[in-house]
Amino acid sequence: MKIAVLFCFFLLIIFQTDFGKNEEIPRKQRRKIYHRRLRKSSTSHKHRSNRQLGIQQTTVFTPVARLPIVNFDYSMEEKFESFSSFPGVESSYNVLPGKKGHCLVKGITMYNKAVWSPEPCTTCLCSDGRVLCDETMCHPQRCPQTVIPEGECCPVCSATVSYSLLSGIALNDRNEFSGDSSEQREPTNLLHKQLPPPQVGMDRIVRKEALQSEEDEEVKEEDTEQKRETPESRNQGQLYSEGDSRGGDRKQRPGEERRLAHQQQRQGREEEEDEEEEGEEGEEDEEDEEDPVRGDMFRMPSRSPLPAPPRGTLRLPSGCSLSYRTISCINAMLTQIPPLTAPQITSLELTGNSIASIPDEAFNGLPNLERLDLSKNNITSSGIGPKAFKLLKKLMRLNMDGNNLIQIPSQLPSTLEELKVNENNLQAIDEESLSDLNQLVTLELEGNNLSEANVNPLAFKPLKSLAYLRLGKNKFRIIPQGLPGSIEELYLENNQIEEITEICFNHTRKINVIVLRYNKIEENRIAPLAWINQENLESIDLSYNKLYHVPSYLPKSLLHLVLLGNQIERIPGYVFGHMEPGLEYLYLSFNKLADDGMDRVSFYGAYHSLRELFLDHNDLKSIPPGIQEMKALHFLRLNNNKIRNILPEEICNAEEDDDSNLEHLHLENNYIKIREIPSYTFSCIRSYSSIVLKPQNIK
């Protein structure tokens with residue numbers, strides 16, 4: 001019996017010893033374990049959020065696609081309608097040659113499929129010459145307080161960082177948020193130092209609460225130990241304390257000694273925690289510096305969102321408004337350029353005022369202007385100071401349409417990419433007028449008094465990057481000489497051009513579009529070698545000239561040929577036979593084509609490639625031969641002719657079982673008796689709704 005009792009007592013001692021050792025694990029180690037768990041949980045949460053974000057971004061919605069917009073807090077709130085769901089549009093007579101389908105928006109030419117945002121709430125797309133715009137759809141917020149950030153239209157929670165944070169940063173500091181450089185500059189560091197992230201403060205609070213709870217538990221343990229003491233030990237302690245007090249050597253009790261020791265340990269722990277926090281912050285800063293931002297995107301804040309800086313006040317004249325970085329004073333009845341001091345402004349609109357002069361100091365307070373619109377004013381050449389634009393080192397777009405200029409302003413910034421001086425009274429362009437504009441891409445000089453007599457052949461030589469030149473509504477009789485080799489699109493409509501010589505396009509090997517409508521060109525005044533060797537020329541518009549035949553010696557690379565409103569009576573045989581890959585769009589509306597003006601070889605070389613053929617408003621009495629052999633044809637106009645009968649095999653080939661690619665067939669306003677058309681005449685066309693037969697003329 002005694003052996004069993006001793007054995008149990010021995011086991012009890014071993015158990016208490018092990019339990020005490022487990023309780024005496026250093027608190028510093030426990031804190032490290034606790035912080036390690038916090039880090040693991042935070043990283044796992046980040047991974048989960050990243051996975052969720054990736055899933056949301058790759059999800060495809062049908063039938064209407066939506067493009068999610070990811071905010072700075074990695075939430076997805078705003079959604080835009082996709083432009084891919086817009087239906088196709090039938091061709092019209094207002095054809096812009098070239099496959100690109102450009103759009104003209106506020107005087108700016110947008111290429112096909114270009115996407116831009118004219119306002120913070122709107123996104124637009126150029127689709128085959130049409131401008132399609134969508135407004136942002138804002139999802140409701142479930143937070144108690146919402147705010148609409150500057151430059152945006154959807155409300156966000158007040159604790160969510162907005163784009164206005166970036167709007168308060170100067171343009172020169174924008175690179176710190178992009179992927180162009182892995183080094184961060186001082187403004188970013190200052191931004192983080194001035195507003196410490198809340199997550200660090202939360203970690204400190206959690207640590208202090210954990211330490212406080214540990215100390216409370218220790219105090220409770222001490223109280224329970226004191227309560228467990230026997231009365232004898234209490235009496236002994238009282239006698240001991242009384243003896244000490246009588247002797248004058250007052251000593252502290254064991255509980256007080258423990259408390260003092262705990263206080264010292266607590267101070268040591270706090271010092272160690274401060275050192276650990278400083279080390280952790282240093283490690284986090286190093287991790288932030290080592291984490292490069294890739295891609296052309298804004299850098300996201302590494303911690304919690306930062307509040308937006310206060311907006312500064314800017315005094316504007318009556319009738320003017322401020323939108324993000326644009327000051328708009330359209331039709332504000334201004335007589336002079338207002339004195340403004342706003343380095344953050346990048347766009348200034350002064351359209352439709354009565355401004356007559358531009359002094360040298362007009363834009364001193366707007367050094368970062370990128371776009372300046374001075375159209376529809378009364379500005380004269382003598383009223384522009386010689387240094388008016390000299391300080392605008394970042395100016396890229398200048399619009400001076402609809403003024404009273406007689407010459408191009410001098411000392412324009414070399415950063416200009418677009419210059420518009422349409423509808424003025426320009427009398428000449430000399431060799432120095434466009435000097436130093438080697439970055440200019442677009443030049444528009446329509447509606448002036450320019451001709452080959454007052455335009456120096458060397459005037460366009462400095463324009464090494466020029467791709468888009470508009471010289472319509474002037475007085476040219478020949479193609480201007482000295483065009484730069486970089487030119488891609490040339491517009492010379494509404495002039496008095498009579499001929500096209502062999503040397504006109506000798507140095508313009510990149511030219512893609514030539515528009516010469518509303519001139520006086522005859523087919524025998526087009527030199528055989530004028531453009532036949534052009535390898536990139538795809539679109540030619542010779543509408544409303546004096547052509548009697550489809551011109552020969554057309555470029556091999558031609559895809560679009562627009563010949564509306566001439567007096568064409570015949571399409572010569574094999575005129576398209578040399579083209580590669582082949583003509584795709586041929587517009588011959590409003591001419592004088594008759595049945596004897598076309599035969600089967602007239603379209604030789606284009607049977608495999610022709611997609612649109614316009615033969616409306618002519619003198620045809622029957623379906624032209626070879627239509628059923630045009631396998632790629634999608635759009636055929638034969639309306640407003642004199643057609644009376646449609647033979648069964650003129651549209652569909654009875655020997656072939658495949659459906660035709662025809663999507664639009666116009667036969668209205670002829671003399672066809674619809675009831676007499678055989679039922680299988682249009683059997684190869686997939687949908688009868690694609691055929692327009694009504695109304696018909698009665699005679």
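Even glycines carry a Cβ here, placed using N, Cα and C.
Listed features, source Swiss-Prot:
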- 1-20: signal peptide (SIGNAL)
- 368-388: repeat 'LRR 1' (REPEAT)
- 439-459: repeat 'LRR 4' (REPEAT)
- 558-578: repeat 'LRR 9' (REPEAT)
- 661-684: repeat 'LRR 13' (REPEAT)
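Counting residue by residue with DSSP, the repeat 'LRR 9' (558-578) contains 0 helix, 4 strand, 17 coil. Summed and averaged per residue, pLDDT over the repeat 'LRR 13' (661-684) gives 91. Residue counts of the repeat 'LRR 1' (368-388) by helix, strand and coil are 3 helix, 5 strand, 13 coil (DSSP-based).
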